């Protein structure tokens, strides 16, 4: 007896409602973009400068009292949030304090941190600063640039790789799926206002990698089936390929999700945002490799008459390991 | 069909064994760490029975490389400092001014009298009274230029001399500025390294980043401010002639002079000549000691050229006051009593013993050639790191078990093979991390967990393919063989694309992100290796022994 997520043989028609799926994807992307433009991302200090302090005290966090204690120092925009996590002890009360970037290019001074600690100690005796991170506005600007370049480079590099290994239609399909995933992930972050910092960029790039992984496996099968079923039309070949790989797609997504969900629940609050991005990315990535990448490939069409013209265009590297 | 040469089998098992062996020390982290520290101490400070015993906690024939824990796991401080390279231009100009003055003095007949004009700090602006003599003045000052000592600036000279009407302008040339910036950053890096080493902490990371930045990460230190206190003070020691003494901070100092406050006398300001007679660069030694009244002080010694200049100056200026300036504050301004020929001296002031010891350390390590501006500071407390490690351990274990159970449920016997490969996979990641001295960060743990999920992917691809082949009516041996060969291109394509993103992350990222990229990249390599070699070998060995007529995947 084997555990089966999908039946042995499936013959779903993934393109019967292609327009609907594309429509949904397009709509979600529009919503994501709108949310991003209207609301913007909740950038962490990595990207907009400033200071975050993680405090730990034995008494419950009184956000109002903390705010009043800090108000005298006139630091501008200060946000205080209490952090909850199942892994905390009963007398472990954690808060995150975020202070906007100060005028000068430098990070906040050590003396200032000590002063803040003294003020907070008055309202929460024995308070500890378990981590203090401060990024000057000069660096944060550069970090944004680097992050954007990194994502663009990653997408560009895989575009080229897939173009070399397959054909340009495949590359476009894969990149459309990628953009779809990245846009939706950014959309979720802006809609839910989850802190967006450097680690999230790492998550985004992993999503890029994961989504591609899925797409490439499907495309690999499409390439193979295009050679096998020369008479069938493209939609049919795509459907066969997706159905054949469906079991694997689900299997891998579920194992990855199993691992990620356990990290989300048990891994502590520090990396929860990061893991959330990945979970979302795995779900969206799985969806997009079937419904976005393949549909776009179908719309673009693929050159089929390889028999007449020996493999010359685009896929000249495609059989190095076949 | 299902043949694997013996040498390949041996090689595959050897690689796995080596990975396990290299990963082993991480299973006994604290013990191995103590043993390594003791071993290092024995080399540095000699043997003691205690150290020998601690070092013996871990057998020396076993590998002892450990995965470094990143700051977010171990706790510590992180600083990103920008070296203020322009500071050096000013010092260079101040040092050049006496030379320019001395060179132009014999030319008074042609150039007339000259005065230094106020202007940007990185320029000398001279007004000469006979503009007709400008060409001669330019010629003389240009004669002071030296060739630039750098590869790119070959053929260029270090100063640029030009004229604007009756003003002669001297400044550093672009080539020299570039060369000087590079020197300044390298010097600063070296000095920061020496200062941190003097304090003696474990495995600090001190790296140059970009053109003018230094990244400093010290695990185990209490806070970023503490770290700044160690490296932040410039400890720029100079000896300058004193022009006057007063209580007005805003008085006009006169060209070529500057006003600096006294270190311990409130409200007292000295006017000193900006060009130093001798600087801390000429120091060869500094030690904490006591003056004749038994108060803490610092004795120092100059190198030969410093000693000569110091000797000459004291011989010529007996009876004049002389300022010992530390980081633009006058420590003391004694009157020169006699010619001091030996090149050694003593700095007295109201020091505590601790202060005099620190000052000696700072002077010995050398002055930072330029100021540091801190752009990024992070302190992570050790408790938070420990919490993260604990949470990470639990999460990884749960993820691991869930995936193991799921694989067996889905693929039975073959799932078992994949699971063995998965365990090996994690061991190999740790082994490789230990081998290359990689750093494990919190996102790095996430990378490993992600690998756990994704590592089975290659096996899943193969197993699904074998299923298909079986369904198509092939015999077991043929199905396994076909399954592997047909899945290969998908495995490679899928992993290469992910690997590309890992490489880009590694190249562009810093700190935690880079840690993630390392574990992800290593995870991809080891998972491809285990899927296409290790599980295959296990399946082949199983198949050879059993020779089953039918298989179920």
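Even glycines carry a Cβ here, placed using N, Cα and C.
Note that TrEMBL annotation is computational and uncurated.
According to TrEMBL, the domain 'Protein export membrane protein SecD/SecF C-terminal' annotation covers A:117-301.
If you look up TrEMBL, you'll see A:20-38 (among others) marked as transmembrane segment.
Feature annotation from TrEMBL assigns transmembrane segment to A:143-164 (among others).
Taken from TrEMBL, the feature transmembrane segment applies to A:171-192 (among others).
Within its own chain, the transmembrane segment (A:198-222) is flanked in space by residues 44, 46-47, 143, 147, 150-151, 154-155, 158, 162, 166, 170, 173-174, 177-178, 181-182, 185-186, 189, 237-238, 241-242, 244-245, 248-249, 252-253, 256, 271, 273-275, 277-278, 280-282, 284-286, 288-290, 293-294, 297, which lie at least six positions past its ends and keep a Cβ under 8 Å from the stretch. TrEMBL lists A:198-222 (among others) with the feature transmembrane segment.
Taking Cβ pairs closer than 8 Å, the transmembrane segment (A:249-267) reaches residues 5-6, 86-87, 210, 214, 217-218, 275-276, 278-279, 282-283, 286, 289-290 in its own chain, all 6 or more past its ends. What TrEMBL records for A:249-267 (among others) is transmembrane segment.
Within the same chain, residues 14-15, 18, 21-22, 25, 169-170, 172-174, 176-178, 180-181, 184-185, 188-189, 194-197, 199-200, 202-204, 206-207, 210-211, 214-215, 217-219, 222, 234-235, 238, 242, 249-250, 253, 256-257, 260-261, 263-264, 267 sit at least 6 positions outside the transmembrane segment (A:273-298) and bring their C-beta atoms closer than 8 Å to a C-beta of that stretch. Residues or ranges marked as transmembrane segment in TrEMBL: A:273-298 (among others).
Long-range contacts of the transmembrane segment (A:171-192) within its own chain (CB-CB distance under 8 A, at least 6 residues past either end) are made by residues 25, 28-29, 31-33, 35-36, 39-42, 151, 155, 158-160, 162-163, 200, 203-204, 207-208, 211-212, 215-216, 219, 277, 280-281, 284-285, 288-289, 292-294, 296-297, 300.
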